[in-house]
Amino acid sequence: MRERGGKATVDERYTQWKSLVPVLYDWLANHNLVWPSLSCRWGPQLDQATYKNRQRLYLSEQTDGSVPNTLVIANCEVVKPRVAAAEHISQFNEEARSPFVKKYKTIIHPGEVNRIRELPQNSKIVATHTDSPDVLIWDVEAQPNRHPMLGATESRPDLILTGHQENAEFALAMCPTEPFVLSGGKDKSVVLWSINDHISSLAESSSKSPVSSTPNSSGKPSIKSGNEKSSDSTTVGPRGVYQGHEDTVEDVQFCPSSAQEFCSVGDDSCLILWDARVGTSPVVKVEKAHNADLHCVDWNPHDQNLILTGSADNSVRMFDRRNLTSGGVGSPIHKFEGHKAAVLCVQWSPDRASVFGSSAEDGFLNIWDYEKVGNKKERSATKMSNSSPPGLFFQHAGHRDKVVDFHWNASDPWTIVSVSDDCGSTGGGGTLQIWRMSDLIYRPEEEVLAELEKFKAHILSCSPSPKS
């Protein structure tokens with residue numbers, strides 16, 4: 001239970017942050033959630049206008065049982081860079097919904113939604129984890145819109161992926177190169193599927209798979225479901241089950257360039273690398289990758305030697321796959337120690353190879369640049385401030401409780417969606433924020449100084465000249 005003094009500290013910190021929003025951010029939208037969402041993901045960009053883009057956003061509603069749990073498809077208006085007025089972006093009501101986020105469709109989900117992941121080849125297809133051994137696959141555009149009332153029948157997934165022996169609740173990934181799905185669970189196993197392994201009842205006669213490369217006018221893979229003829233969803237068995245962890249698998253990730261290589265982390269403090277081409281045993285097992293349970297992992301899409309892990313020991317570590325261990329235990333090339341509670345989510349930036357984000361139970365979402373670690377100028381600045389950890393260059397403090405998930409927007413550089421579960425601070429619900437830091441923070445210093453000089457010269461030229 002949080003002490004009164006601690007609560008005041010959270011409120012003071014938040015008030016200070018809100019006063020700095022016009023300086024730190026190019027744009028920010030705050031959206032109050034009646035029910036917490038444990039996951040948030042960007043979907044496809046729908047259209048572009050002069051000042052903003054419209055894009056799908058995937059969320060969930062984790063309810064108390066008085067209404068069903070749901071998977072929510074929302075439309076989000078993302079304001080373009082250098083459009084929003086600074087004084088406007090900080091004028092929001094914490095209890096209100098954002099005008100930039102509109103609910104588009106609701107799917108009544110069988111059980112609570114713990115994790116959402118979109119298929120990179122067609123982000124209209126998503127996978128979800130719930131408190132069961134199965135992975136559920138949804139074609140969100142084809143699914144009917146439902147009204148979540150008590151007693152309403154659950155929506156029917158387009159596919160169900162089976163293979164876990166116990167609940168698989170959080171570890172979930174989609175492959176960037178092929179329609180493959182990866183999952184981890186309480187049965188200590190990692191399971192791999194190909195959605196292409198399903199031949200739907202509608203397509204059996206022509207022997208077509210549900211995810212083909214040219215099924216529609218867009219050329220994107222799509223699911224052909226047999227649900228019209230059956231009350232039960234079609235199931236797909238695994239390509240492989242991989243054993244090597246000694247406790248629950250908490251997160252999994254594909255190698256960005258290979259559907260056959262992937263990694264996993266778990267409550268056994270291990271990071272494991274796998275290769276489906278050489279069998280179901282670990283290729284490399286990194287013992288004691290951290291000093292506690294591992295919660296999250298991500299593989300750098302720009303430099304495939306680099307893997308990030310986040311842990312209950314409050315730290316983020318960066319490993320080089322060419323040199324993962326030393327003396328039989330994990331040997332990270334960097335340790336990032338800026339959080340004061342367990343790290344829940346890590347993700348590399350899609351825009352810059354050295355930049356990544358980490359979110360934690362301390363309510364912060366930190367943005368790091370590993371190239372700043374060891375930089376002489378950075379070290380001297382750190383010494384002078386005596387507070388900022390090496391590599392940390394931005395701290396998003398807009399949430400007042402644990403930041404359970406966030407997602408960089410691949411269609412809109414430096415734009416992030418983040419979500420917090422506010423049950424511990426405000427007594428319920430959650431907060432969704434969509435934000436973009438000021439580009440003066442991350443652009444090269446020389447470029448920023450040149451722009452500020454130009455701005456200064458413009459201001460001076462506009463000022464009335466003193467009378468002689």
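Cβ coordinates are placed from backbone N, Cα and C, and glycine is handled just like the others.
Automated prediction, rather than curation, is the source of TrEMBL annotations.
Because the structure is a prediction, the values reported are computed rather than measured.
Features reported for this protein in TrEMBL:
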type	residues	note
COMPBIAS	204-218	compositional bias 'Low complexity'
DOMAIN	12-79	domain 'Histone-binding protein RBBP4-like N-terminal'
REGION	204-242	region 'Disordered'
REPEAT	242-284	repeat 'WD'
REPEAT	287-320	repeat 'WD'
REPEAT	336-371	repeat 'WD'
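Mean pLDDT for the repeat 'WD' (336-371) in this predicted model: 97.
Per-class residue totals from DSSP over the repeat 'WD' (336-371), listed helix then strand then coil: 2 helix, 18 strand, 16 coil. Helix, strand and coil content of the repeat 'WD' (242-284), in residues and according to DSSP, is 3 helix, 20 strand, 20 coil.
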